[in-house]
């Protein structure tokens, strides 16, 4: 009735009267965005498809335009000048400044943030890693250099080249750690960087990025370091960290996090030190061992995933990934790598006569 010619548009005044007359229970924030979109076009009309996208919470490329035209609907002092906030709201404001490079995005994120769903993925992964480490530590009575214990490498969670057919090991190795120092480093970064990223970008994007780094790490080891086992969540951790650091560098002028240069240097020093330690343990183990020590290639593979795929994810706040050509190119590249790695693990070990340790 409102659109007899089936154009997909109606006037904004007509839509507003429709909302008020029927008392539709629509999210006020989404209504503000829709009105902003309508006021942004020449004829002041509401688009049916934009309405559907907003109500269904679909990420839309029109988000920037909506906020640009509707920022007067947001409190001007929503981030800088608002006082009397609770602890959680202050943390949300900190996350907005820490993660997002654009002031308009920061204001909108703070304005529309909801506590549900909470950032449970990174917390659950970290808690599981701690529980698994404590169980093996108590069982083996060993809290550092656990890989030197003969029973440790028999775990069904560790990636070992001799058990490549057990495909779950390419992911579950992320729950095992060499010792307290590796677990502490990974857990700290996962909570300090992973939780804020998950709060902003959502559980699906961050879990995909983390697991993509973990899987790329184990597959890269199976190709480049064919005799080495693998433990630790460094592939996923480095995917998150490198993606965040690359996002900060790419948007340096817009980032408002305090002491960003000092924090960048400290992060790079810590990550480099962890890689150096992993290389040292791999090639110059401090104790005699019956076989090769865990590889360090997962760190580098995770960093590559973060800089490529992760940077695309973090730069697309509230924008649909499937609408971006670059995203599909990266996804195709990652899929091609996975396919190559699968065939490599099936055929290359026998063809090359790789000597797999016990």
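Each residue, glycine too, has its Cβ placed from N, Cα and C.
Same-chain residues lying 6 or more positions outside the transmembrane segment (120-139) and placing a CB less than 8 Å from one of its CB atoms are 146, 151-152, 155, 157, 174-177, 180, 183, 186-187, 190-191, 194-195, 198, 203, 206-207, 210, 233, 236. Per TrEMBL, the feature transmembrane segment maps to 120-139 (among others).
Per TrEMBL, the feature domain 'Peptidase S54 rhomboid' maps to 166-315.
Residues or ranges marked as transmembrane segment in TrEMBL: 170-191 (among others). Sequence-distant contacts of the transmembrane segment (170-191), counting only residues of its own chain at least 6 positions beyond either end whose CB sits under 8 Å from a CB of the stretch, comprise 122-123, 125-126, 128-130, 132-133, 136, 143-147, 155-159, 211, 214-215, 218-219, 222, 230-237, 240-241, 270, 274, 277, 281, 294.
If you look up TrEMBL, you'll see 203-223 (among others) marked as transmembrane segment. Sequence-distant contacts of the transmembrane segment (203-223), counting only residues of its own chain at least 6 positions beyond either end whose CB sits under 8 Å from a CB of the stretch, comprise 117, 119-122, 125, 159, 161, 164, 169-171, 173-174, 194, 197, 230, 233-240, 243, 295, 297-302, 304-306, 309-310, 313, 321, 334, 337-338, 341, 344-345, 348.
The annotation active site, nucleophile is assigned in TrEMBL to 234.
Here TrEMBL flags 235-254 (among others) as transmembrane segment.
The transmembrane segment feature in TrEMBL is assigned to 261-283 (among others). Away from its own ends, the transmembrane segment (261-283) comes close to residues 178, 181-182, 185, 225, 228, 234, 238, 241, 245, 248-249, 292-296, 299-300 of its chain (Cβ-Cβ under 8 Å, at least six residues beyond either end).
If you look up TrEMBL, you'll see 295-314 (among others) marked as transmembrane segment. Counting residues 6+ beyond its ends, the transmembrane segment (295-314) has Cβ neighbours under 8 Å at 99, 197, 201, 205, 208-209, 212-214, 216-221, 224-225, 228-230, 232, 234-244, 246-247, 250, 271, 274-275, 278-279, 281-282, 321, 324, 326-327, 330-331, 333-334 in the same chain.
Residues or ranges marked as active site in TrEMBL: 299. Non-local neighbourhood of residue 299 (active site): 217, 234, 235, 238, 271, 274, 275, 278, each in the same chain, at least six residues away, with C-beta under 8 Å from its C-beta.
Taken from TrEMBL, the feature transmembrane segment applies to 326-347 (among others). Here the transmembrane segment (326-347) has Cβ contacts under 8 Å with residues 164, 212, 215-216, 219-220, 222-223, 305, 308-309, 312, 316 of the same chain, all six or more residues outside its ends.
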Count up the helix, strand and coil residues in the domain 'Peptidase S54 rhomboid' (166-315) according to DSSP, in that order. 110 helix, 1 strand, 39 coil
